[in-house]
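As given in Swiss-Prot:
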ACT_SITE  D11  active site, nucleophile
ACT_SITE  D13  active site, proton donor
BINDING   D11, D13, D132  Mg(2+) binding site
BINDING   C95, H97, C103, C105  Zn(2+) binding site
REGION    1-168  region 'Histidinol-phosphatase'
REGION    169-357  region 'Imidazoleglycerol-phosphate dehydratase'
Amino acid sequence: MSKQQKILFIDRDGTLIVEPPVDFQVDRLDKLKLEPYVIPSLLKLQEAGYRLVMVTNQDGLGTSSYPQADFDAPHNMMMDIFESQGVKFNDVLICPHFERDNCSCRKPKLGLVKEYLQGGKVDFKSSAVIGDRMTDLQLAENMAIRGIQYHPQTMGWLDIVKDLTTKPRVAQVVRKTKETDIQVLVNLDQTGGNQIETGLGFFDHMLDQIATHGGFQLQLKVVGDLHIDDHHTVEDTALALGQALREALGDKRGIGRFGFTLPMDECLAQCALDLSGRPYLKFDASFSRPQVGDLSTEMVYHFFRSLTDTLACTLHLSSSGDNDHHIIESLFKAFGRTLRQAITVQGNDLPSSKGVL
């Protein structure tokens, strides 16, 4: 099965090019006119990782009412213009039938896009159909993806770009086991308003350090088996938080990816982070007592170990000092400050030569 991709299935007449109001056919070069801002918008959508597929009904194409040659001249000119400006359509799907033919490929039927659906090519959460007619929205519904109705005044191409490229980086994770019941909500583009309840006061304070210094909003509630000890609560919180952070980051396009910090307070806390998609932890800190507040010091390493597993990051973290409270706090603060650098959006590029993180 092919890797699922973000695909925009885009109508032609009335969406990419102006549809003639009288005969609804672009059958001469002088009738070819692009919709406003379509080229810069398609370029931005490509930069954001979308693949472009044209899907169009062309009534009676190849018949006497719409000769193939009449269609080809303006269509090929349109494609040449797009290509010359860097816009690449990965596929052009055309239904040539009349509605009365009752074919299987005319939108909103699925015949034209059948290969994409059956081949596992479509990322259903991120893909969309863009078109000016209700049939385009019906196609989207039949494909189980989002539909966006284009209109040059109310939902033009600049609006569509903004809509598709500025999605909130928010994720919610619910994790339930026999030992814990955890709900996590992270918003990477909001700060403040953190609400953290794990049943462990010192641990709550440490998690708040990550969110505050990481520059994101965290809402977290944990009901755990603290009547036994803090192990499951700390471990499962880390797993759920790491998963939520990873989901909120999405495809990681535009992020800094890397981060590092150095001294904090009287402790020498060092942190280097790579949101690489590969979990690895190098941890160096020692403690002189078994607990700080209600948190077992042995669980500090275990927290970051579990977090790196679900966040899928490479993390080098160390701290030295004389006070265990300050050592632990410096570790969480340093991680938060480093995470802030790594998740900050700096553009649209994917920070990887592999093309995936």
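In case you wondered, yes, glycine gets a Cβ from its N, Cα and C as well.
Here the features listed in Swiss-Prot are painted onto the structure.
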residue	record	DSSP class
D11	active site, nucleophile	coil
C95	Zn(2+) binding site	strand
C103	Zn(2+) binding site	coil
D132	Mg(2+) binding site	coil
Measuring CB to CB from C103 (Zn(2+) binding site), give everything in the same chain under 8 Å that is also at least six residues away in sequence.
-> C95, H97, K109, G111
Other C-beta atoms within 10 angstroms of the C-beta of the residue listed as 'active site, proton donor' total 19
Overall pLDDT of the region 'Histidinol-phosphatase' (1-168), taken as the mean = 95
Given the binding-site residues C95, C105, and counting only Cβ atoms in the protein chains shown, which has the most within 10 Å of its Cβ?
-> C95
The sparsest Cβ environment within 10 Å, among the recorded positions D11, D132, is found at D132
Cα of D11 (active site, nucleophile) to Cα of D132 (Mg(2+) binding site): how many Å, rounded?
-> 8
Cα-to-Cα gap, C105 (Zn(2+) binding site) vs D13 (active site, proton donor), nearest whole Å | 17
Given the recorded Mg(2+) site (D11, D13, D132), which additional residues of the same chain have their Cβ within 8 Å of the Cβ centre, ordered by sequence?
-> R12, G14, T15, L16, E19, T56, G131, R133, D136, Y150
